[in-house]
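A single structure is presented below for examination.
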Amino acid sequence: MTKGSVFIIMGPPGSGKGTQSQYLANRIGLPHISTGDLLRAIIREGTPNGLKAKAYLDKGAFVPSDFVWEILKEKLQSQACSKGCIIDGFPRTLDQAHLLDSFLMDVHSNYTVIFLEISEDEILKRVCSRFLCPSCSRIYNTSQGHTECPDCHVPLIRRSDDTPEIIKERLTKYQERTAPVIAYYDSLGKLCRVSSENKEDLVFEDILKCIYK
């Protein structure tokens, strides 16, 4: 990665990070890097690291910082990210935020953090009605009426960690570990808050206002 623009999309599970990150990637032409997708990819490959990641995710636990960081850093150093990128799902702890800050300073990249705000009730409603394409990892909602991915033509599946019990546990851990990260970026003047309870297109308009203000 050389000097460029990096956009970090943050928010609790079910806030629409992946959807909005992909909208932004399509609009500004930068690659979308999802740590969740990176982890699910190595899980599908069945590597030792993939099996380790699966054990954490299946019980709703966070994957260790150093483990996630090494996977993400390799992606950030690729040619695809030479002009910048959109990061979704990282950082989740202050340690991760400091690792990413140090890396971005070394390569002289500017960055903006978009924080998607959403209530717990709305999160539970969304997460319990979403399905995943096992091939491309795109998320679909039951209200869309899809039973298979329109692009990959494979049946949609429900993620093993998309249950009310696991989501509530993840939200508790999220508040404990990620709330300080939000405060940290806010103190640096890097944070822009956006409500993600509106329709997807309206949320995206608010994100663009943050970027171009």
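Glycine too: its Cβ is placed from the backbone N, Cα and C atoms.
The ATP binding site feature in Swiss-Prot is assigned to GLY14, SER15, GLY16, LYS17, GLY18, THR19, ARG130, ILE139, TYR140, ASN198; the stated evidence is sequence analysis. The AMP binding site annotation in Swiss-Prot covers THR35, ARG40, ALA61, PHE62, VAL63, GLY89, PHE90, PRO91, ARG92, GLN96, ARG159, ARG170, and the record cites sequence analysis as its basis. The Zn(2+) binding site annotation in Swiss-Prot covers CYS133, CYS136, CYS149, CYS152. Look at Swiss-Prot and you will find 34-63 tagged as region 'NMP'. The region 'LID' annotation in Swiss-Prot covers 129-162.
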Quick one: of GLY14, CYS136, CYS152, which binding-site residues lie within 10 angstroms of ARG159 (AMP binding site), measuring between C-alpha atoms? Sequence order, please.
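Those close enough: none at all.
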Return the single residue from the binding-site residues list (ALA61, CYS133, CYS136, CYS149, CYS152) that has the minimum number of other CB atoms within 10 Å.
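So among ALA61, CYS133, CYS136, CYS149, CYS152, the binding-site residues given, the one with the fewest Cβ atoms within 10 Å is CYS136.
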Quick one: mean pLDDT on the region 'NMP' (34-63)?
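Average per-residue pLDDT within the region 'NMP' (34-63): 85.
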Do me a favour and check the Cα-Cα span between ARG92 (AMP binding site) and GLY14 (ATP binding site); whole Å is fine.
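Taking the Cα atoms only, ARG92 (AMP binding site) lies 15 Å from GLY14 (ATP binding site).
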Name the residues of the same chain, 6+ apart in sequence, whose Cβ is under 8 Å from the Cβ of THR35 (AMP binding site)?
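The answer is VAL68, ILE71, LEU72, ILE87, ASP88, GLY89, PHE90.
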Within 10 Å of its Cβ, which one of these binding-site residues (PHE90, TYR140) has the largest number of other Cβ atoms?
PHE90
Within the region 'NMP' (34-63), how many residues are helix, strand or coil going by DSSP?
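For that range the per-state counts are 22 helix, 1 strand, 7 coil.
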Measure from the CA atom of GLY14 (ATP binding site) to the CA atom of ALA61 (AMP binding site) and give the result in Å, rounded to a whole number.
16
Using C-alpha atoms, which one of the binding-site residues GLY14, GLY16, GLY18, VAL63, ARG130 comes nearest to CYS136 (Zn(2+) binding site)?
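Ranked by Cα distance from CYS136 (Zn(2+) binding site), first place goes to GLY18.
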